[in-house]
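*Asks:* Pasting a structure here, questions to come.
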Amino acid sequence: MKDKYLAPFYFFTAFYYITYTPFWDYPPATLTAALVKVLPIWSLVLYVKLNNYSNTAEIGNLKIFFVNFFQVSDYSKFILVGLLFSSLGDAFLISRYTLFIPGMIAFAFAHAFYMHAMPPGHIESRFTQICFLCGVDVYLFISSGIQSVFMHTIVVIYTFLIFLVGWKALTNFEKARNVSNLASAIGIVLFIFSDFIIAVDKWKFSVPFSQCIVMTSYYASQYFLALSTGSSLKIYE
């Protein structure tokens, strides 16, 4: 694993926590805060690209590097695009009231790309019923706080999508227990947890330190998804 490519992620994550101290409150709805918030995800995009770049001699040639930006493996390509849509969702959710729906839509596209990156799931897996029941339970739990039919519809679609991605990640790890599949499964489970805290805090009751819990689990989820693209992780069965 090329750890040096992860250094920007560690730096920008620490910079976000130091600058906006999400332990106590949400960051201000400003362009600067949105930029600082998305920098850790952009650094993971760069990590995925660099960690899968076949010609290291051309990394210094920025023109060639960016022209060939999406010339990575299919799995890495879809994870990379998913990270880009996630960063867009991050930027929208800096204004968590007025831009909440655009943020959900951006993250829905991210999950669609994550799902497309993964091999087909296995319907006979024990995780099929677990993911289905968890998805239904989560929706029923938060639905009482949702007022509009439109928002109910969006939440149903989003909940179905994220648990479908979780099902694919878990069943793939169940079938092929390699480190790459483990990383993607951990990443998606953390993503579900992060979104669950957002939903509870928005529609049920105030969650203490919610912003800190959400961002910590969210950054960790994207970190593991990015790690799953590393070829050196696919090493054991």
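Each residue's number is its place along the chain shown, starting with 1.
Backbone N, Cα and C atoms are what each Cβ position is placed from, and that goes for glycine too.
As listed in TrEMBL for this protein:
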TRANSMEM  5-23  transmembrane segment
TRANSMEM  29-50  transmembrane segment
TRANSMEM  62-85  transmembrane segment
TRANSMEM  97-115  transmembrane segment
TRANSMEM  127-143  transmembrane segment
TRANSMEM  149-170  transmembrane segment
TRANSMEM  182-200  transmembrane segment
*Asks:* Counting a contact as 3 or more Cβ pairs under 8 Å, with residues at least 6 apart in sequence, do the transmembrane segment (149-170) and the transmembrane segment (5-23) touch?
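*Replies:* They are not in contact.
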*Asks:* For the transmembrane segment (97-115), I need the partner stretch with the highest count of C-beta pairs below 8 angstroms, choosing only from 5-23, 127-143, 182-200.
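*Replies:* Per the Cβ under 8 Å count, 182-200.
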